[in-house]
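Asks: A single structure is presented below for examination.
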Amino acid sequence: MADTGASGAAAAAASQSYKQQKEAFVSNLAGGSVVEIAQVCAVAPVVTLLWSALQTRQSFFKSYTPLAFVVDFLLNVGALLLSVTLYSSAPLLLNILLLSVAAFVYVIPGSRPTRRKRPLVPPSPDAASKMSKAQAAKRSWFSPVANPTNLGLFSTKPFLTNYRGNMMVVTCICILAVDFRVFPRRFAKVETWGTSLMDMGVGSFVFSAGIVAARPLLKEFYEKTTTPLGTRLARSLRHSLPLLVLGGIRLLSVKGLDYAEHVTEYGVHWNFFFTLAFLPPFVALFQSALKVIPSSSLIALLLCLCYECALHLTSLKSFILAGPRDNLISMNREGIFSFIGYLSIFLVGQDMGMVILPRGDERFSGSRRAFDLMVALAVAAIGLNVLYFFCTNYSYGLGWTVSRRMANLPYVLWVAAFNSALLFGFMLVDCIFFGNFYNAKDKKAEKEAYETATSRILRAYNRNGLAVFLLANLLTGLVNMTVPTLDVGSVATMGILAAYLLALTAAAVGLDMYDISVKL
C-alpha cells in the first residue's frame, strides 16, 4: 500500500511538473520583429498568386477532383504550415520559391478552355452588334458594367474570402503548433511588450469579424432606416449568448481538467471567447455615436487615446501588469482592459467593411469601382502605417511599445495597418487574375466568376469560420491531453499537425459541400 501511495504521489508530482513546463514554455516571451512577421504572413497572398496562376493558365481547379483538393490543401494549408515551422527561419526564401513556381506556371503554355457560346462577361446587345466574336472574347476586365443594381448592394469579393480564409487557416495552425518545439518561441504570444505572429493573429481575428459586421450598418444606410438602440442590443445579445456559453465551457474544462494555462494572457477566468462575446453589445452602443462622429475609425481612435492617457497618466498600467489578484476584476484585469483595444480594432475593421462590402457607385464601370477600392485600401494602409510609425518610433515619434496584453494604441494601429496592407495585397492578386468578377452583369455570372477566383478550401474556412475555430480548439485540447507535445520530435510533430489540419479542412469542406452554415 505504501508503494502504491508513493507511486501515485510521484505520478502526481510528474504531472504537475509537466504542467509547469508547458506553462513556462509559453510564458515570459519577447516576440520577434515586425518585418519577419510581415514576411511570414506574405506567404498567404503569394500562395494565392500561385493558386491563381494555376487556375487561370491551366484551369487546374475548374473540375474539383481529388487531385485538385490535394493541391489546394498543399498550397493553402501546407505552405502556411511550413511558413511557421520548417521555414520559420527563412520565410523570404519560401516566398521566393513560391513566386518562382508561379512564374513558371504562368509562362508555360496554358490549357485551352472550350469556347463558350456566351463569354463570362457578355457584351451588351448594342456593343455586340459593333464587335466581332473574336473582339468580344478578348474584352478585358476594363469593360463597363451594365445595370449593376440587378446584382444587389453588396458583393462577396474574392479577395475578402481569400483574406478571411487564410486568416482562419493560420489561426488554426498556430493554436496547436505553439505547443510543439518546432514552432519558434518568437512567434508565440508576447508576455507584455513586443510583437509576435500570434499577437497579430488574435487582433486580425477581431479585425476580420469587424469587416463583415458592417453589413447591417450599410443596410440601414442604404435603406435610410434607423434601428432603435434597444433592438440593436437585443440582436447583439443573441450573437453574444453562444459565445458566452463557449467561454464558460472553456473555463470549466480548463479548470476541471487541470489544463496548462497562461494567466497573464487574459486573466484567471477570462478567455478569448468572452472577449468576442462582449463585442456585439458594446458595438451596438457605440453605433449611436455615429450620429455625432462621422466614422467608426474615429470613434476607435478617440477610445484608444483615452485608454492610452489612462495608462500613462494614472496607475492603470501598473495595476494591469503587477497588481494583486484579490478580487474578480483584478483576477481578470488583462481580459477586461484589453477589451478596450479589441473593441477599437473591431470598430476600425467595421469601418473598413463600409468601404469593402458595397458594390459601389452604379454610375461607374466595374473596373473603375475596383480601382477606387484599391486606392482606398492603399490610402488606408499607408495612413495607418504612418500613424503606427509615429506612435512607436523613438527618434521621430512617441516611442511607445506594442503590448497585446494591454491592447494599447500601438497594438491597435499595428493590427489595423497590417491587415489593411494584407487586404490590398489580396485585392491586387484579385485584379491581376480575376478582374472579370467586377464586370459581372448578373448574379449567375458573378457567382461563377467568384467560384473560379477562390479556393474551395478557403471558401469553406471563411463560410464556417467560428465553427471551425471551435473545432480547432477542441482538437487542440484533445492533442494536448493525449500527447506530450514538448517531447515530440520534428517529424512526428509535422505528422500530427498535418493530420489535425486535414481533419479540420475535411470538416470545413464537408460542411460547404452539403451547403451547411453553422450559426453561432
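Just so you know, glycine gets a Cβ as well, placed from its N, Cα and C.
Automatic, uncurated: that is what TrEMBL annotation is.
As the structure is a computational prediction, the values presented were derived from the model and not from experiment.
According to TrEMBL:
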- 37-54: transmembrane segment (TRANSMEM)
- 66-86: transmembrane segment (TRANSMEM)
- 92-109: transmembrane segment (TRANSMEM)
- 200-218: transmembrane segment (TRANSMEM)
- 269-286: transmembrane segment (TRANSMEM)
- 298-316: transmembrane segment (TRANSMEM)
- 336-358: transmembrane segment (TRANSMEM)
- 370-391: transmembrane segment (TRANSMEM)
- 411-438: transmembrane segment (TRANSMEM)
- 465-483: transmembrane segment (TRANSMEM)
- 489-511: transmembrane segment (TRANSMEM)
Asks: Taking contact to mean 3 or more CB pairs closer than 8 A (sequence separation of 6 or more), are the transmembrane segment (465-483) and the transmembrane segment (489-511) in contact?
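Replies: Yes, the transmembrane segment (465-483) contacts the transmembrane segment (489-511).
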Asks: Under 8 angstroms, Cβ to Cβ: which one of 66-86, 200-218, 269-286, 298-316, 489-511 has the largest number of such pairs with the transmembrane segment (336-358)?
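Replies: Most Cβ pairs under 8 Å with the transmembrane segment (336-358) come from 200-218.
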Asks: Contact between the transmembrane segment (370-391) and the transmembrane segment (411-438) is defined here as three or more C-beta pairs under 8 Å separated by at least 6 residues; is that satisfied?
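Replies: With 3 or more qualifying Cβ pairs, these stretches touch.
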Asks: Quick test of the contact rule: Cβ under 8 Å, at least six residues beyond the ends. What residues does that give for the transmembrane segment (37-54)?
Replies: 60-61, 71-72, 75-76, 79-80, 83-84, 88, 91-92, 94-95, 98-99, 101-102, 105-106, 162, 166, 170, 187, 195-197, 200, 418, 422, 425-426, 428-429, 432-434, 453, 455
Asks: Which one, 66-86, 200-218, 298-316, 370-391, has the most C-beta pairs under 8 Å toward the transmembrane segment (489-511)?
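Replies: Stretch with the highest Cβ contact count: 66-86.
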